[in-house]
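Q: Just dropping this structure here.
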């Protein structure tokens, strides 16, 4: 988790414009840097760093001796960078996962580069030799990026919109700030004066397609066909692989644990793999809510079952209301459901940052959309309609649940990791026959539950536990306080 910011073709003094970049300082509390571009005095990069990988050489914009004409500013993690490095025999100069972007771009160009990245990312890549600027964002938009582009070619890019709202430009009319679309890349021509012209915007990956990088994956071979036992085995293989690859970190790893199915599966698999890899610390799990609520009790049971170091965070209605303004500022959204769901996650993230040394935080986001976990899926007119709506929800995640999860953790300098949104795992699940994915026997996420049945990974009562409405619980708390 970092904060990236860049300007191309600024008409205003860069030292004035750079103050806007400080609005995203929370995303990278470990260090920051501003850097001008030689030969393009109206261009500038800003970077706020949260050091997770290669703490010595991890500052950005990343530049290496082999490619002195390339400047890279990116936010994210590339989980397959070592496998790609070894496969293509690239000569690395750092230990940074992001260095793989420079080598892939030099060898294959930006589109193939993007298709080969297994991870979450938002990047700004400048090639001064060929006078090109490239932007790109991962399939689900797990890492955020916004852009401002004026009619006369001034481009400003930032991890959060708040870093662009006070940018000055020569246009007399307001200029729209837009989120960069997930799964896309954009190519700009760089003019001698530093301004740009967009020449291509295209999609490099869709959530329903198996990613191109799957051929370089370390997961064991999957079974063929759609026999139930084969499918269940494949789901387990890909989910465990999704968690394993996300253990890439030089900082302590923890996990949010609500006591529901999704976070419990993530936490249990994380603890299992951490022990296998002999991490030198116990995995910390974190839950939040009212004391002795159904979620809190369920989370305790899971934590005891998997032997995690568990922490409970309780908050009062007053504390929830007090946090609302801060939450909305970080979300940059007034969406009611998103705001409601963000209060608890914001407060537990605050607790993690202040009282523990966990920095890399796993979570269960994306499962409801992927595995048809919402109650209304029971009323879908057909399996085909349910499957189509699941894809719609996946494509919109960047505006809602993924936005919430990123902003509430980044607000406190934490890095979020979401195994359910692994490219290969999610593409496989969405490729299954619609009839296999619908709720069965009155239970949503039936296929996911069945896949982990009988393994004792989590308690059976949690594996088959129905979804609790945390939003409703929070509403009751707030309404009760208002009545007082």
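Every residue gets a Cβ built from N, Cα and C, even glycine.
Here the structure is a predicted model, which means the values were calculated and not measured.
What TrEMBL records for this protein is below:
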- 2: active site, for GATase activity (ACT_SITE)
- 2-191: domain 'Glutamine amidotransferase type-2' (DOMAIN)
- 97: L-glutamine binding site (BINDING)
- 256, 288, 363, 364: ATP binding site (BINDING)
- 365: site 'Important for beta-aspartyl-AMP intermediate formation' (SITE)
Q: Average the per-residue pLDDT over the domain 'Glutamine amidotransferase type-2' (2-191) and send me the rounded value.
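A: Residues in the domain 'Glutamine amidotransferase type-2' (2-191) carry a mean pLDDT of 94 in this prediction.
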Q: In whole Å, note down how far the CA of residue 363 (ATP binding site) lies from the CA of the residue listed as 'L-glutamine binding site'.
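A: It is 22 Å, counting Cα to Cα.
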Q: Any idea what the Cα distance is from residue 365 (site 'Important for beta-aspartyl-AMP intermediate formation') over to the residue listed as 'active site, for GATase activity', rounded to a whole Å?
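A: Approximately 20 Å lies between the Cα of residue 365 (site 'Important for beta-aspartyl-AMP intermediate formation') and that of the residue listed as 'active site, for GATase activity'.
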Q: Taking 8 Å from the centroid of the Cβ atoms of 256, 288, 363, 364 as the cut-off, which other residues in that chain fall inside it around the ATP site?
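A: The answer, listed by sequence position, is 255, 257, 258, 263, 286, 287, 345, 348, 361, 362, 365.
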Q: What whole-number Å value do you get for the CA-CA distance of residue 288 (ATP binding site) and residue 2 (active site, for GATase activity)?
A: 25
Q: May I ask which residues of the same chain, at least 6 positions away in sequence, place their Cβ under 8 angstroms from the Cβ of residue 364 (ATP binding site)?
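A: Expected: 256, 258, 260, 262, 263, 264, 265, 266, 418, 420.
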Q: Residues with Cβ closer than 8 Å to the Cβ of residue 2 (active site, for GATase activity), same chain and 6+ apart in sequence?
A: 27, 28, 47, 48, 49, 50, 60, 74, 75, 159
